[in-house]
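Engineer: Starting off with a structure, shown below.
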């Protein structure tokens, strides 16, 4: 036997062999249908911006949880609308009254229903906590006194509200409240 005897020789070129292989394969799989994949469920691709919006809405509704219409905190009837938690010094309330704290966030509630106002108030508090805003101004207006009466009651129930006071004239006077919030340490 010579060296060349065990070598296989082809009469056709490699391209012809490849074409034959493909045609044989096609003949064998003719009539086969693709199986539908049903074991792995792929989550739809979500836009990161949509995730952020959903998270913000969830945080706002979580903060809305604190606002009950049934609970009546003890607020003084004399003088301007004001409130301070027991662990907040009177000096802080005085600084709010004088306008020493300048609000970084303003919420205008004019024309809102009570439910919209609760939701927006919760969203504002969530935003302030997220952005480390210590003072905010809530403009409830005067109108029929519905929001003017309820906003202080809602704010007094929230655990992150340290104090609030009727705003000085430059921030809305009798139709607004300056709110002092506790910022969590990181």
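Glycine is treated like the rest: Cβ placed from N, Cα and C.
Since we're looking at a predicted model, the values are computed, not measured.
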Engineer: According to Swiss-Prot, which listed range is region 'Disordered': 21-40, 41-60?
Structural biologist: 41-60
Engineer: I'd like the per-state residue tally for the domain 'Smr' (107-182) from DSSP, helix first, then strand, then coil.
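Structural biologist: Helix, strand and coil residues of the domain 'Smr' (107-182) number 35 helix, 19 strand, 22 coil.
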Engineer: Can you tell me which parts of the same chain pack against the compositional bias 'Basic and acidic residues' (49-60), counting only residues 6+ beyond its ends and a CB-CB cutoff under 8 A?
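Structural biologist: For the compositional bias 'Basic and acidic residues' (49-60), the nonlocal Cβ contacts are 119-120, 122-123, 126-127, 130.
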Engineer: Averaged across the domain 'Smr' (107-182), what pLDDT does the model get? Just tell me the whole number, please.
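Structural biologist: Its mean pLDDT is 90.
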